[in-house]
């Protein structure tokens with residue numbers, strides 16, 4: 001039988017599970033935010049954060065658990081057709097769970113500014129300057145058609161940082177091979193209540209709450 005894995009960061013290791021495993025497993029759960037819903041104001045307001053976390057992320061978690069149960073049944077029956085038909089739901093809901101779990105930790109009320117140390121040196125090496133990096137990631141995120149994510153990832157084979165965009169809830173590592181360091185959610189539910197349809201204003205604001213300590217920790221971990 002085929003076992004599907006979703007990979008996340010070291011800090012999200014408890015969320016990694018073989019999808020469709022026949023052995024008893026713990027269900028995925030909605031992680032707690034490391035700050036209050038209103039902690040990122042005025043850049044991201046409390047209403048957005050509450051709906052985004054307690055409704056949208058929770059829905060991905062619930063649907064992932066339901067889909068995994070169906071997948072487990074299909075594996076037990078040897079029903080390959082059912083297994084294949086469930087894979088889009090695994091990708092969408094599993095990706096939504098992985099992406100948001102990273103996203104919450106990428107943000108902090110004490111964030112903003114610029115990274116330091118190894119991460120900053122890598123950004124200068126691979127993008128020329130922090131300003132160039134910020135401009136490129138913002139442009140990629142603004143340019144996502146419809147719903148999706150802008151990402152800073154680490155290309156382990158090439159040993160360098162890389163910017164990428166993913167559609168919908170496609171998980172960065174599962175679809176591109178890049179290890180996720182910093183994700184920017186550009187689904188409208190991440191900003192519409194505050195910024196309406198002006199995505200660039202949201203992207204300008206979010207840099208004020210980026211948790212560079214978290215991004216740096218992810219970078220250090222994936223280099224080991």
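Indices start at 1 and increase along the chain as displayed.
Every residue, even glycine, has its Cβ placed from backbone N, Cα and C.
Taken verbatim from TrEMBL:
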- 52, 100, 185, 189: Mn(2+) binding site (BINDING)
- 27-108: domain 'Manganese/iron superoxide dismutase N-terminal' (DOMAIN)
- 115-218: domain 'Manganese/iron superoxide dismutase C-terminal' (DOMAIN)
Averaging the pLDDT values of the domain 'Manganese/iron superoxide dismutase C-terminal' (115-218) gives 98
Residues near residue 185 (Mn(2+) binding site) in space but at least six apart in sequence (CB under 8 A): 52, 99, 100, 103, 149
Could you put numbers on the helix, strand and coil content of the domain 'Manganese/iron superoxide dismutase C-terminal' (115-218), residue by residue per DSSP? 54 helix, 24 strand, 26 coil
If you count other CB atoms within 10 A of each CB, which of 52, 189 wins among these binding-site residues? 52
Other than 52, 100, 185, 189, the chain contributes near Mn(2+) (Cβ within 8 Å of their centroid) the residues 53, 56, 57, 103, 187, 190
